[in-house]
Amino acid sequence: MAPGSWFSPLLIAVVTLGLPQGAAATFPTMPLSNLFTNAVLRAQHLHLLAAETYKEFERTYIPEDQRYTNKNSQAAFCYSETIPAPTGKDDAQQKSDMELLRFSLVLIQSWLTPMQYLSKVFTNNLVFGTSDRVFEKLKDLEEGIQALMRELEDRSPRGPQLLRPTYDRFDIHLRSEDALLKNYGLLSCFKKDLHKVETYLKVMKCRRFGESNCNI
């Protein structure tokens, strides 16, 4: 299966990262440091959930002798690679806070649709039991990032529109090898994208508030 075939290129849409009127009412006003702390904690928790779900899927469905080969093939491409988002801490430190928030919002929003179907794929009682909460947690993190953008937008120039890479849905036919590899690839990309968001938020929080014990 060719890299990139897990996703539909027709689903790429241009998104304007404007915030809806009245959105502020859904997220309480609080000090900027608290907004960053809450966003970092949410991103950390989601990244942990993504990593645990990926490992449990691998342990349950992917034979051990095939994991290295499959990782090399399915991890070759994620749609998030089509946007100029920083790939690590050093790259992130070269971007402004507003740029990092825009990239974070794009990455989070790209997973909202597929994550609505995650719980329909994983019906057992393993770590997949948390999958029905992932969408809700993504929405919470989206609101947190939007709240930060509202706080900072008056001080930063508005950036260009970004392409929002929208991932395909998870495949429910787990008896198919192609479906297994597709879902394996999606979970790998989800884990990578959440790691990026967590890194961006930590970089912003550390440099803005001068924390001496930052772990990124």
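Positions of Cβ are set from backbone N, Cα and C atoms, glycine also.
If you check Swiss-Prot, you get these features:
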{"type": "BINDING", "residues": "His45, Glu198", "note": "Zn(2+) binding site"}
{"type": "DISULFID", "residues": "Cys78-Cys189", "note": "disulfide bond"}
{"type": "DISULFID", "residues": "Cys206-Cys214", "note": "disulfide bond"}
{"type": "SIGNAL", "residues": "1-25", "note": "signal peptide"}
Just going by other Cβ atoms within 10 Å, which of the recorded positions His45, Cys78, Glu198, Cys206 has the emptiest spot? His45
At the Cα level, what's the spacing in Å between Cys189 (disulfide bond) and Cys206 (disulfide bond), rounded? 26
Measure from the Cβ of Cys189 (disulfide bond) and count the other Cβ atoms within 10 Å, all protein chains considered. 27
Using C-alpha positions only, work out which of the recorded positions His45, Glu198, Cys206 is nearest to Cys78 (disulfide bond). Glu198
If one measures from the C-alpha of Glu198 (Zn(2+) binding site) to the C-alpha of Cys206 (disulfide bond), what distance in angstrom results, rounded to a whole number? 12
Integer Å distance between the CA atoms belonging to Cys206 (disulfide bond) and His45 (Zn(2+) binding site): 18
Per DSSP (helix/strand/coil reduction), Cys78 (disulfide bond) sits in coil
